[in-house]
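So that you can see what the record holds, here are the features copied from TrEMBL:
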- 21-71: domain 'Mur ligase N-terminal catalytic' (DOMAIN)
- 106-334: domain 'Mur ligase central' (DOMAIN)
- Lys230: N6-carboxylysine (MOD_RES)
- 357-486: domain 'Mur ligase C-terminal' (DOMAIN)
- Arg409, Asp432, Asn433, Pro434, Arg435, Gly484, Glu488: meso-2,6-diaminopimelate binding site (BINDING)
- 432-435: motif 'Meso-diaminopimelate recognition motif' (MOTIF)
Amino acid sequence: MSARLDDICAWIRAAAPTGRITSDSRRVTPGDVFFAYPGEAADGRTFIGAAIANGAAAVLFEERGFAWDARFAVPHLAVADLKASAGPIAHAFYGHPDAAMFTVGVTGTNGKTSCALWTAQALAQLGAGKGEGKGEAAAVIGTLGVGLVRGRAEPVFDVTGYTTPDAVLLAGELDKLKSAGAAALAIEVSSIGLVERRTAGMHFDVAVFTNLTRDHLDYHGDMDAYESAKLQLFGWPGLRTAVVNLDDAAGVRIVDYLRAQRPDVAVTGYTVEEDGAGTGAAVFDGIEVLRASNLRARPAGTEFQLASPWGALVARTQLVGRFNVSNALAVLGALLAKGIELRAALDAIEALTPAPGRMQQVGGQDAPLVVIDYAHTPDALEKTLAALRPVAKERGGRLWCVFGCGGDRDPGKRPQMGRIAQHADQVVATSDNPRSEAPQAIIEQVVAGMDAAGAPWQAVEDRAAAILLAVKQAGKADVILLAGKGHEPYQEIKGRKIPFSDADHAALALTARLTMMRTN
């Protein structure tokens with residue numbers, strides 16, 4: 001394959017000596033080489049004409065089931081199974097830009113975004129690269145986009161629209177990040193991205209597994225296929241360390257797989273103990289385990305006792321909820337895998353704050369506390385509500401849940417989420433990203449799972465109106481969870497992305513509430 005890779009890269013450089021490569025016809029600039037192959041949603045070969053019109057100097061295309069149109073008068077090369085080989089070709093073309101970076105891949109249903117961002121932020125503070133130098137930059141790629149972290153500065157993200165970008169685009173982004181000084185990388189690795197081979201051609205020093213719960217069944221079909229997709233990351237050639245959640249049954253199976261199939265990979269497990277008993281830690285003799293116990297909610301975070309082979313310490317984080325303690329342990333495992341000393345690693349974790357749209361707080365001063373979170377799966381919604389229950393109790397108020405379910409995605413989880421939402425005291429079912437579906441039809445499927453004897457609920461199709469209703473009706477000590485959209489700056493409706501921010505609408509609703517109280 002390497003000889004073939006060299007030949008293809010030589011052809012690309014000869015055909016377009018000053019250009020870059022891309023698989024998105026909209027991003028083509030004069031002199032670029034366009035990669036055309038069938039994708040998840042569309043066949044890139046149908047956009048060859050558009051790419052050439054935008055200035056593509058040459059085209060690589062998947063030859064199966066396609067005949068080159070002679071009207072396309074540019075150099076072109078047919079490549080068998082281009083979709084599978086696009087990543088290795090792209091990474092070879094750019095000279096394997098991630099090779100010198102300390103690279104952490106994070107997979108799991110929930111927690112990927114927080115873990116990837118926090119890992120990059122901690123590495124930027126502590127010494128990002130494969131050496132020991134401090135002050136280096138760390139890159140992060142995932143749901144929030146592509147960002148570069150320097151020191152304690154917040155990253156500015158270039159939004160891609162994907163958790164894990166397309167293989168060719170990803171290689172190009174890594175090349176830019178390397179040029180910008182990135183010495184480390186934390187990247188969300190989605191199950192779909194693994195199946196679609198978007199990370200093919202990359203290397204990983206550390207693979208992190210957070211958890212596995214119901215999601216993406218519209219794509220994978222069943223949970224077994226979903227889990228198998230995640231497992232691919234832990235069989236990655238050259239992987240050095242796996243950091244695995246032992247409180248998750250799939251995590252236990254990953255450890256079993258690593259022991260049987262990849263004894264060359266070091267394993268660090270982590271567990272959050274409940275009432276002094278870890279769910280899975282005792283099962284695994286011979287692996288290093290991070291244990292958090294004695295969790296205590298604090299006014300602005302969580303304190304816990306950490307026990308590990310590296311030492312025992314008390315951690316005081318700025319993160320709310322048991323699930324965020326679990327995420328913090330995952331990040332700690334990645335930092336320790338790099339050889340960072342425990343106290344320094346924990347200091348960096350204690351400085352971390354919630355990722356955008358993850359337990360993000362608005363209001364709370366003489367007004368309801370609004371919490372914005374991306375929770376869009378049954379498990380995530382349940383854990384987020386559980387994390388906010390003691391916050392509401394401490395404030396002496398009720399817990400509200402305003403949420404919806406996305407259209408054109410697994411409909412089976414909708415009634416489940418309706419049932420889980422009733423763990424709150426008040427529920428408002430509304431729209432999320434309805435996409436091509438009728439919003440009211442989705443809401444009806446959600447409320448079908450609600451128990452008439454459970455928490456009272458209302459249905460308000462318009463999300464802005466739902467947020468306003470909850471903020472106006474809530475008491476000033478109440479906590480309102482806006483779940484499902486998190487950081488997203490839009491609502492996707494009938495093929496259009498309409499500007500919409502939960503945080504902005506929460507702030508507007510709180511202002512309207514204050515104005516109304518002053519005029520009454």
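Note: Cβ is positioned from N, Cα and C throughout, glycine not excepted.
Because TrEMBL annotations are produced automatically, they should be read as predictions rather than curated entries.
Features as recorded by TrEMBL, highlighted on the structure.
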residue : record                                : Cβ contacts under 8 Å, 6 or more apart
Lys230  : N6-carboxylysine                      : Thr107, Gly108, Ser191, Leu194, Phe209, Leu212, Ala250
Arg409  : meso-2,6-diaminopimelate binding site : His216, Asp218, Arg435
Asp432  : meso-2,6-diaminopimelate binding site : His376, Phe403, Gly404, Cys405, Gly406, Gly407, Ile442, Arg463, Gly484, Lys485, Gln491
Asn433  : meso-2,6-diaminopimelate binding site : Gly406, Gly407, Lys485, Glu488, Gln491, Glu492, Ile493
Pro434  : meso-2,6-diaminopimelate binding site : Gly404, Gly406, Gly407, Ile442, Gln491, Glu492, Ile493
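Secondary structure by DSSP for the domain 'Mur ligase N-terminal catalytic' (21-71): 13 helix, 13 strand, 25 coil.
When secondary structure is read from DSSP and collapsed to three states, Arg409 (meso-2,6-diaminopimelate binding site) falls in the coil class. The meso-2,6-diaminopimelate-binding residues named in the record, Arg409, Asp432, Asn433, Pro434, Arg435, Gly484, Glu488, extend over a maximum Cα to Cα distance of 17 Å. According to DSSP, Pro434 (meso-2,6-diaminopimelate binding site) sits in a coil region rather than a helix or strand. What surrounds the meso-2,6-diaminopimelate site, by Cβ distance within 8 Å of the Cβ centroid and not counting Arg409, Asp432, Asn433, Pro434, Arg435, Gly484, Glu488, is the set His376, Gly404, Cys405, Gly406, Gly407, Ser431, Lys485, Gln491, Glu492 from the same chain.
Computed over the domain 'Mur ligase central' (106-334), the whole-number mean pLDDT of the model equals 89.
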